[in-house]
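> In case it's useful when we look at the structure, here is the feature table from Swiss-Prot:
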BINDING   Gly161, Gly163, Lys164, Thr165  ATP binding site
COMPBIAS  101-112  compositional bias 'Basic and acidic residues'
REGION    1-74  region 'Domain I, interacts with DnaA modulators'
REGION    74-116  region 'Domain II'
REGION    88-112  region 'Disordered'
REGION    117-333  region 'Domain III, AAA+ region'
REGION    334-454  region 'Domain IV, binds dsDNA'
Amino acid sequence: MFDLEKFWDSFNAEMRSEFNEVSYNAWFKNTKPVSFNKDTHELVISVQTPVAKGYWEQNISANLIQSAYAYAGIDIYPVFVVKNGPTPSSERMLEPQPQAKPEKARPQGREFTKDLRLNEKYTFENFIQGEGNKLAAGAALAVADNPGTFYNPLFIFGGVGLGKTHLMQAIGHQMLAERPDAKVVYIQSETFVNDFINSIKNKTQDKFREKYRTADLLLVDDIQFFAKKEGIQEEFFHTFETLYNDQKQIVMTSDRLPTEIPDLSERLVSRFAWGLQVEITPPDLETRIAILRKKAESEGLEIDESTLDYVASQVDTNIRELEGALVKVQAQATIQKQDINIGLARSALADLKLVQKSRGLQISKIQEVVANYFQTSVPDLKGKKRVRQIVIPRQIAMYLSRELTDASLPKIGQEFGGKDHTTVMHACDKIARQIKTDTEIKSAVSDLRQMLER
């Protein structure tokens, strides 16, 4: 029998040993189990805010699933619900609140930000939210509203051209709008590297440290370029420590998680996990249409919805390429002196690799083949039934989707009835283990792989 109260006490004790006190209080103190369904194994958990919900789904859910399996030998399905309460902008999220420290003396006005290079278009007002970025956007708004308190550091990761820099700079714009004398430092990681090297050559290390360690908000883009640079990592570690201890906000972006950056020191990996690590994934069709609509409005273009829909359906990789496709359509319309319509868009984008032709193996195909192999149905694979004859095929289908396509974990979860990415991760890990110990599972996976790779 699964004793929810005892399990929760055990899980909390485990997490308390893995998180520092500030992080533990932030993520666990006000999070409570609500109910456990013994038939579906659904565990409902109450969290304080939408961002906390996203953090649990992305960062803690896998630990919760593994702990439940170790505790009771069962697979649970966590469901996170937001408790009614104040929004992040009005609540005081940490208990106890850190005591304000005296401000270090510094010149007033814009002296510190005169060299800042923020793109004036990268504001929250211009950011289009969708399923792939709503958690990151919510976290960025919370950080802009309460810098240095809760999601510190904020680590945004994802592919090229998905809006990481936009969100990061939006935080900077909002801080400067509210505090014109704030010291906001925005840099590419390569700039930090070059500044550090030059400070050694010119013996100006004190000036270098003054620049970075007295910031109110430090924004570091593409931090993966710190990979394999031990001296740079050492310097950034001390910069991080100084800012964090002074309760100053740190925001970083990367194309991957800290744990996936080659030779990134363990202490940096650990500190980057103190706050919130949040992924941005490629926009879905609805979001892509909204992005194009916003772009068309800003450029004064008259484009009907069907044409926007067509252009959006041709590019599903990133926002940069999506907007590039619209620019190409606009250019052809200008050259040919024609109105923009589907026919013109089709002609302008004819040399693009249409997404339908470039995706390769589809998750839907994997689901169909797996369902036929196990004599079940695709709706069952996407559903919530917990009987073994459906659970195992579902987990194998998720595993093969991960192995044979380039779909992200959240994307795979979406294709399996909207399951969160930690459920997919658990399924993939479980099948990977069983392949080594269970000849029946190994044989089934091998058969299916051969069928799908023909």
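Quick reminder: no glycine exception, Cβ is built from N, Cα and C everywhere.
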> If you draw a 10 Å sphere around the Cβ of Lys164 (ATP binding site), how many other Cβ atoms fall inside it, taking every protein chain shown into account?
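That number is 26.
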> Give me the count of other Cβ atoms within 10 A of the Cβ belonging to Gly161 (ATP binding site).
17
> Including all protein chains shown, what's the count of other C-beta atoms within 10 A of the C-beta of Thr165 (ATP binding site)?
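Step by step: centre on the Cβ of Thr165 (ATP binding site), count other Cβ atoms within 10 Å, giving 19.
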> Taking the region 'Domain III, AAA+ region' (117-333) alone, what is its mean pLDDT?
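Taking every residue of the region 'Domain III, AAA+ region' (117-333) together, the mean pLDDT is 91.
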> Across all chains shown, how many C-beta atoms besides its own are within 10 angstroms of the C-beta of Gly163 (ATP binding site)?
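Counting Cβ neighbours of Gly163 (ATP binding site) within 10 Å gives 27.
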> Identify all same-chain residues not among Gly161, Gly163, Lys164, Thr165 whose C-beta atom falls within 8 angstroms of the centroid of the ATP site's C-beta atoms; report them in sequence order.
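Near the ATP site, the remaining chain residues are Gly158, Val160, Leu162, His166, Leu167, Thr253, Ile280, Ile319, Arg320.
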